[in-house]
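These notes are about the structure you will find just below.
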Amino acid sequence: MAGDKYLTFNNGQKMPLIGVGTWQASDEEIETAIDAALEAGYRHIDTAPVYGNEPAIGRVLKRWLDAGKVKREELFIVTKLPPISNRPHEVEPTIKKSLADLQLDYVDLYLIHTPFTLNINEDGSFKVDAEGLLEVDPTTNHAAIWVEMEKLVEKGLAKSIGVSNFSKDQVARLLKNCKIRPANNQIEHHVYLQQRDLVDFCKAENVSVTAYSPLGSKGIAAFNAGAGIVRDLPDLMDIPEVKEIAAAHGKSPAQVLLRWIIDTGLCAIPKSTNPARLKQNLDVFDFKLSDEEVAKLLALDKNIRVCDFAFFHGVERHPEFTFKNQYTK
């Protein structure tokens, strides 16, 4: 085996290095995929209310738990506080809704999904202004939200708490104002978007990092198109250096991209609903990249962000929005 299959948090909790991402999968797709993932050996499942699939995932987990095919303590379930609920008084009711949907008593990791907050109408739809732009709530207060996140640990609703899409400055601010340190920052991370400064800072502060879209994300192109955004997104599987390293190890380009993330000390949550690819994505523990191969992939960084939130046009006006996209000045 090429090393451990777990990453240890600053509180001693262990998270499987490879999890299954579930964004952009329909209910039917996700039930089949989570069944296949659990059969393949996955125990780390990443979801969020905005993905709309917590109830479907909950049904599969209940079937497996009730049948005794898996124990709760063997699972590592991650969900998130959505951007529409980024207010202190909404933290506990929101996790309780997720727990009811997931049919669980607690989650292993609960994350603040985004550093910014969006407003919604009573029917749950996004509020838009006269120009058709999403309406933001500029009063987002991470420190106040974090106090409520800490209470979730005290109440046993979450084993660990963390953040997602937070910048170095946003994490640093939180670290100055917390009783319980964030255990994890989940960010977009792959060979073309390495965010080394942020990753190195988190590691130095003992905040683990999970890479979402570790293989790029073809699904985002379709999501963008739905929001009227046309962007040419690179195919990470087609990078010559990645293909060359894959051939040298008798592995696929996807397996090399995932192994590189593990070999640089991070977790990854590739999304797939294809049983064969789910198995392949987990089959990355029988080889290791050489220092030269790791360095070759580190040199590929192009600062290309796939998930730049342009599909939430208007959010770039939020004071905590730190990404660059076609709408930022």
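Backbone N, Cα and C define each Cβ position, glycine as well.
The domain 'NADP-dependent oxidoreductase' annotation in TrEMBL covers 18-300.
Annotated active site, proton donor per TrEMBL: Tyr51, in sequence order. Neighbour count (other Cβ atoms within 10 Å of the Cβ, all protein chains): 20 for Tyr51 (active site, proton donor).
The site 'Lowers pKa of active site Tyr' annotation in TrEMBL covers Lys80.
According to TrEMBL, the substrate binding site annotation covers His113. Counting only same-chain residues six or more apart in sequence, the Cβ atoms lying under 8 angstroms from the Cβ of His113 (substrate binding site) belong to Ala48, Val50, Lys80, Leu81, Pro82, Pro83, Ser164, Asn165.
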Looking only at the domain 'NADP-dependent oxidoreductase' (18-300), what is the mean pLDDT? 95
